[in-house]
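Asker: Handing you a structure now.
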Amino acid sequence: MAKSVEKTRALRKGAWSPEEDKKLIAYIKRYGIWNWAEMAKPAGLQRSGKSCRLRWVNYLRPGIKHGNFTKEEEQTIIDLHEKLGNRWSTIASRLPGRTDNEIKNHWHAHLRKRFKYDLNALPESEPLEPSSDETNQNSSSRIDPTPANTSRPSILESYSVTSTDSLPSSSSNPPVEIEEKPNIKGSIGSLDNFKA
DNA sequence: AAGATAGTCAACCGCACACGC
DNA sequence: TGCGTGTGCGGTTGACTATCT
């Protein structure tokens, strides 16, 4: 379905413009999140649903922190990575305001090096615990029946559905008025704390 | 000052899971 | 129960910036 929708349009790729951000924010604030694949069009965006979702989750969502990680956050990441491996979304759920993508990037850019360095400093009897990093990577993370994996907490769970939300002065009405959908997989949001 | 290299981060891709029919 | 579709996750890529030579 959505696939056909996306296929029939020439979809934009690459970096998001401020205008696109505004459109997505305005649309979600007004109508909530009901179907990523279908939302892009009425929102006036020539983007795939995935792209919209990613942009929202990683950048536009209220409460996202950007910028430097604190020592505490870094320590939390290191600790959790030691325990959980590359379960970035699970790690992110323990760090309010941080996204899995940001944590993943930070790990690869900063912490992994440091971590490796530290481990190299350990005596040889100390195993590197590759299971959490390398060996789990491809094979097990999705099959792993640990609670951390089975729960799959939704990032958007914290939002409640109030599609009656409206923009104070919505300058970008969608071309199609969407009728309220019953909650889709618990996503959507009142966006009460939304400050755009 | 200019080019080369390294580092960072936003975004894309492919896959697997959850869910509805 | 099986299938189709939407969503979410982790890995990877590519553009941009900073630093070095």
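Placed from the backbone N, Cα and C atoms, the Cβ positions cover glycine too.
Any TrEMBL annotation is an automated prediction that lacks curation.
According to TrEMBL:
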type	residues	note
DOMAIN	A:8-60	domain 'HTH myb-type'
DOMAIN	A:8-60	domain 'Myb-like'
DOMAIN	A:61-115	domain 'HTH myb-type'
DOMAIN	A:61-111	domain 'Myb-like'
REGION	A:123-196	region 'Disordered'
COMPBIAS	A:133-153	compositional bias 'Polar residues'
COMPBIAS	A:158-172	compositional bias 'Low complexity'
Asker: Averaged over the whole of the domain 'HTH myb-type' (A:61-115), what is the pLDDT?
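Answerer: It averages 86.
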Asker: Could you give me three numbers for the domain 'HTH myb-type' (A:61-115), the DSSP helix, strand and coil residue counts?
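Answerer: Reading the DSSP string over the domain 'HTH myb-type' (A:61-115) gives 36 helix, 0 strand, 19 coil.
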Asker: Pull the DSSP breakdown for the domain 'HTH myb-type' (A:8-60) and write it out as helix, strand, coil residue counts.
Answerer: 30 helix, 0 strand, 23 coil
